[in-house]
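Here's what TrEMBL has on this protein:
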type: ACT_SITE; residues: K123; note: active site, for sulfotransferase activity
type: BINDING; residues: K123, G124, G125, T126, R127, R204, S212, K329, G330, R331, T332, H333; note: 3'-phosphoadenylyl sulfate binding site
type: COMPBIAS; residues: 66-75; note: compositional bias 'Polar residues'
type: COMPBIAS; residues: 78-92; note: compositional bias 'Basic and acidic residues'
type: DISULFID; residues: C312-C324; note: disulfide bond
type: DOMAIN; residues: 114-353; note: domain 'Sulfotransferase'
type: TRANSMEM; residues: 17-39; note: transmembrane segment
Amino acid sequence: MEYSAHFHSAQPVKNKLFVFCIMLSLWVYMLYCCVGYCSTTPTFMMDERSNRRALQRQDPEMLLKSQSRDLLNNDSDADSRGDGWEENKGDAAYDENDSGIAGAVNGSESKKLPQAIIIGVKKGGTRALLEFLRLHPDIRAVGAEPHFFDRNYEKGLEWYRELMPKTLDGQLTMEKTPSYFVTKEVPGRIHAMSRDTKLIVVVRDPVTRAISDYTQTRSKKPDIPSFESLTFKNLSTNVIDTSWSAVQIGMYARHLERWLQFFPMSQLLFVSGERLISDPSGEMARVQHFLGLRREVTHKHFHFNPAKGFPCLKRPESNNKPHCLGKTKGRTHPNINPEVIQRLRDFYKPFNKKFYHMTGHDFGWD
């Protein structure tokens, strides 16, 4: 009888323990599923700036390289990080829903190597062009400059592909890194990736571009030498110092010769940085035609901001504030000696003339 009583009192305890084990197992399984779901959340749901910070934490070597470059020749400014435009949370310039992002839910998106690249030039208007293009529903572009073909080539194409946004079939993947145009190794490297890559170069009056380049550098390093002293090897002889990148970048014809060794002119489009400001819809019509896209970005998407001197982006169907250039854009240029400016214009004149001939387009800088 004592045994029987003990048996009946132990049975409910075993039952409760069994139920508890089942519930614990179910809880662990649900937690596992939740973690698994989070790890497969599409990348478009992550904030782009958080992605950049994460990339810098994971790749300190890349950050170190950008910081250790000669300040007078670097381009690791806000624009290269994709921060050149003010963010209006209610009306961002690029709405991922317009690009068929819902397709990511059923797994129809994938990361692809870029079919088109904005390869230059620094301080020409590349950030503006990229933001204009991101309005197009058939274009997906990475915001930050990858610098793959000039600084990170040893990391391999798969590393490069992972930086790209996911796209649906029929959408175009793009990136922009302005230093590509002037880096000797880049044309051959892009050609090795794909000989069909379409290349866009935003060019600007080389004298104005050089002053803008210097202005950007001086904003970070106020104690640098004057523009005049950097322009000449020797002030007494008035010999232009072509080793200074601010001068060298504007020698467009010399850089273009390297690209034409790998790509036909039909695969390069030269966009006027001046017209991108004065007639953005006109230049965007040329760009969309070059990329083989229907004309979606038109005059309805632009609103000129007289205070900034640049066009802002707007959505025709929205009443929200236009999406404008950030404070890093439209800096006031320093006063430069007119004689130095004229000397630079004379220096660039033969380069400009050759560039006009090569491209079949007179940009009117002389």
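Yeah, the Cβs are placed from backbone N, Cα and C, and that goes for glycine too.
Please treat TrEMBL annotations as automatic predictions, because they have not gone through curation.
Ranking the recorded positions K123, C312, C324 by the distance of their Cα atoms from the Cα of T332 (3'-phosphoadenylyl sulfate binding site) places K123 first. Between the candidate binding-site residues, S212, T332, the densest Cβ environment within 10 Å is the one around S212. A separation of roughly 12 Å, to the nearest angstrom, links the Cα atoms of C312 (disulfide bond) and R127 (3'-phosphoadenylyl sulfate binding site). Taking the Cβ of K123 (active site, for sulfotransferase activity) as reference, residues of its chain lying under 8 Å away and at least six apart in sequence are, in sequence order, P178, R204, R209, S212, D213, Q216. Residue pair C324 (disulfide bond) / R127 (3'-phosphoadenylyl sulfate binding site) shows a Cα separation of 12 Å. Mean pLDDT for the domain 'Sulfotransferase' (114-353) in the predicted structure: 93.
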